[in-house]
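Over in Swiss-Prot, the protein carries these features:
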BINDING   T268, T269, G270, S271, G272, K273, T274  ATP binding site
DOMAIN    254-418  domain 'Helicase ATP-binding'
Amino acid sequence: MAYQSEYALENEMMNQLEQLGYERVTIRDNKQLLDNFRTILNERHADKLEGNPLTDKEFQRLLTMIDGKSIFESARILRDKLPLRRDDESEIYLSFLDTKSWCKNKFQVTNQVSVEDTYKARYDVTILINGLPLVQVELKRRGIDINEAFNQVKRYRKQNYTGLFRYIQMFIISNGVETRYFSNNDSELLKSHMFYWSDKQNNRINTLQSFAESFMRPCQLAKMISRYMIINETDRILMAMRPYQVYAVEALIQQATETGNNGYVWHTTGSGKTLTSFKASQILSQQDDIKKVIFLVDRKDLDSQTEEEFNKFAKGAVDKTFNTSQLVRQLNDKSLPLIVTTIQKMAKAIQGNAHLLEQYKTNKVVFIIDECHRSQFGDMHRLVKQHFKNAQYFGFTGTPRFPENSSQDGRTTADIFGRCLHTYLIRDAIHDGNVLGFSVDYINTFKNKALKAEDNSMVEAIDTEEVWLADKRVELVTRHIINNHDKYTRNRQYSSIFTVQSIHALIKYYETFKRLNKKLEQPLTVAGIFTFKPNEDDRDGEVPYHSREKLEIMISDYNKKFETNFSTDTTNEYFNHISKNVKKGVKDSKIDILIVVNMFLTGFDSKVLNTLYVDKNLMYHDLIQAYSRTNRVEKESKPFGKIVNYRDLKKETDDALRVFSQTNDTDTILMRSYEEYKKEFIDAYRELKMIVPTPHMVDDIQDEEELKRFVEAYRLLAKIILRLKAFDEFEFTIDEIGMDEQENEDYKSKYLAVYDQVKRATAEKNKVSILNDIDFEIEMMRNDTINVNYIMNILRQIDLEDKAEQRRNQEQIRRILDHADDPTLRLKRDLIREFIDNVVPSLNKDDDIDQEYVNFESIKKEAEFKGFAGERSIDEQALKTISNDYQYSGVVNPHHLKKMIGDLPLKEKRKARKAIESFVAETTEKYGV
């Protein structure tokens with residue numbers, strides 16, 4: 001069967017959307033788009049306009065108010081009412097989207113709209129709601145990688161989406177067999193924010209035809225935009241909810257409004273439960289018969305992270321209360337339909353102020369409980385239940401309690417909340433790419449067999465803690481972590497947590513790290529945190545210290561490292577600072593290893609945390625919660641969460657995964673074996689060699705299709721290498737995998753050269769190439785130790801007296817530059833080469849290499865600006881002003897740019913603007929580090 005062309009796919013979709021209820025209209029350019037918008041605006045506001053449609057002046061006045069805004073501001077205008085002054089000085093309010101009666105909006109569809117701004121573009125399918133282009137569909141023919149459609153959207157958005165196209169809320173991309181949707185934003189569009197649509201049972205709806213049938217029906221689409229897109233006020237971005245979040249909210253609302261029963265939602269850790277539960281709370285708080293919605297969290301969870309998250313979804317959602325009287329006032333305030341508080345504070349309010357809350361014995365109240373397995377097993381829940389007689393309770397959890405892992409009183413989650421309203425399990429989340437799978441290692445630290453703390457088959461008198469914490473074993477584990485940490489964390493690009501069995505163990509490990517760290521060329525940044533008891537049991541004098549003393553030392557070490565001023569009197573502030581620190585990326589000063597007992601193992605999210613070291617016993621929900629700290633999606637260089645167990649937790653891991661994925665097949669959750677990846681590598685390597693037998697033959701490829709085949713083949717190989725490197729048995733040798741590291745570096749250099757070539761061609765020419773939208777996944781190629789700082793360190797070590805040694809240093813730098821994969825370093829490559837070839841040989845031992853390089857860069861930058869300005873006949877100082885603005889804002893000032901270019905013919909003006917924007921962006925990156 002011949003493949004379906006892009007044109008045929010587009011035509012098929014247009015026909016289907018027409019059948020679903022969209023009016024098919026012909027809109028070919030921006031003028032027709034504005035005319036159509038104006039017509040519908042007049043129709044929808046006929047009553048308010050009283051038979052007098054908007055005049056040209058009035059419409060122009062409106063466009064001035066709504067045009068030229070950011071995507072974020074446009075999204076707010078779309079959902080708001082806008083006052084418009086008429087020519088007779090009267091005022092009317094215009095609305096652009098009916099966010100409550102979704103079906104009352106006007107739905108149209110058009111295709112092949114042409115726009116011409118900096119670049120020409122023609123869009124595939126545009127969905128108009130009330131005349132505004134709110135959804136843009138970009139299609140690729142079957143067999144083309146869907147990421148190419150994503151990259152095309154990124155290109156269009158950067159180059160073409162202006163005017164009313166700033167109101168696009170959502171993009172849909174498809175190649176016919178695979179379909180995704182994602183929200184529009186001012187900031188960089190991320191692949192991790194592309195979502196699959198699915199049915200209520202989490203079965204993926206992939207084909208474009210099925211997707212349109214389920215997702216794109218007019219009322220459903222308006223509902224998605226109105227109800228299930230969130231305006232994140234803190235980050236100033238639009239967020240689209242995922243299908244399982246939508247279904248959970250719908251099920252909960254139905255249960256709350258149509259029955260008097262309780263229920264719970266089981267969504268795996270890391271799947272965005274906070275957003276789901278908050279959205280449900282928000283919608284329920286708008287119901288007339290529900291007097292109050294109370295969002296309950298556990299005390300330890302209402303930290304800065306939770307407050308931050310809630311306030312993102314609705315500004316001012318969390319009014320932090322420091323005493324129960326404030327909470328009582330909030331409960332009695334009818335203007336506050338939604339309250340966020342802790343279970344502990346609520347129980348206290350009832351105990352001391354029950355007479356002030358009498359109305360709640362009859363008023364309907366809905367409690368939404370986040371992470372209900374932590375906060376709802378206990379006396380406080382019973383106390384709240386006794387007072388709020390007409391209340392419904394809805395729990396959210398990632399790890400429910402079942403008979404095998406029930407609470408201390410034997411109750412399960414179902415015993416407390418009743419029916420499970422919706423599930424989204426860890427296997428579903430991994431399949432959809434919403435969380436990562438796990439790579440789990442078990443390191444045996446005993447010669448005979450792995451010992452378990454509860455293992456009584458050993459000699460009965462054995463002191464198991466003494467065995468686990470024997471000096472020799474603690475040092476063995478610590479050395480293993482030190483020796484492998486860089487490999488596990490991709491040269492410290494990521495952070496890690498080390499969880500141990502007790503405070504005593506934490507202190508011992510911290511002190512061992514501190515001692516061994518002194519011998520390292522690049523010491524690890526290790527921090528520790530725990531909660532001490534004021535009156536501690538000294539275990540019959542066995543422990544010769546109070547744990548507070550040891551924590552004080554850890555905090556003092558931390559203060560020296562990070563220039564802070566914490567103490568054991570300010571442990572909350574210390575906790576919050578550590579929390580932010582573990583979330584920092586590679587370029588920031590950060591913690592490499594955080595040692596904990598239980599803290600940070602639940603409810604803590606950090607995308608840059610990828611490794612968990614374990615030296616304690618974990619089971620069921622505790623195990624899954626701890627493992628899940630590592631599996632937040634970040635970028636291509638983080639393919640899984642790495643778990644390193646120093647105890648034999650194989651059975652516990654399998655049992656936990658079986659319970660929480662509801663399957664005996666754990667292969668979808670755990671990484672495959674080394675041998676499987678090795679076989680996959682050999683097949684991919686063979687395929688690469690068939691396309692280009694040697695790296696230098698890449699230079700001979702003339703055909704773009706062939707070059708694309710090379711890029712795709714090497715990209716696949718690089719992905720497999722990334723996974724192989726996680727295994728201890730991996731060796732990058734010909735004997736082991738048929739390829740050595742040098743050959744891989746040579747292929748990688750050619751791959752990056754193609755990337756540079758495409759990037760340069762895209763910036764310089766208005767030319768469409770099949771390589772323009774290919775996904776190079778550059779982050780995956782990076783080796784974060786080989787960057788600009790690394791090269792500068794080598795430069796500083798150049799021996800300026802010994803010329804022979806100097807030549808060796810220069811040659812070393814040249815070799816490194818030839819294989820550079822850091823983007824900034826690749827930009828500086830020619831500069832550094834010129835510096836070591838022309839400047840270094842003339843230096844003497846008294847010269848400061850750092851200062852000499854700064855001077856050299858300054859001269860080169862000055863020459864580059866002078867040359868570009870002269871070549872283009874533009875003002876050099878004005879160019880520098882634009883560059884300085886860009887350095888701080890990341891945006892080329894359009895007013896300054898327009899003034900600089902002056903009056904040129906349209907085509908020349910477009911060409912000049914593009915050249916200046918490219919020059920400013922590249923020189924800023926090149927000279928900015």
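Numbering starts at 1 and runs along the chain as it is shown here.
The backbone N, Cα and C atoms fix where each Cβ goes, and this holds for glycine too.
For K273 (ATP binding site), the Cβ neighbour count at a 10 Å cut-off comes to 21, with all displayed protein chains included. Neighbour count (other Cβ atoms within 10 Å of the Cβ, all protein chains): 22 for T274 (ATP binding site). If you draw a 10 Å sphere around the CB of T268 (ATP binding site), it holds 26 other CB atoms from the protein chains shown.
Residues T268, T269, G270, S271, G272, K273, T274 make up the record's ATP site, and a Cβ search at 8 Å around their centroid adds H267, T276, G398, A429, V435 from the same chain. Following the DSSP three-state reduction, the secondary structure of K273 (ATP binding site) is helix.
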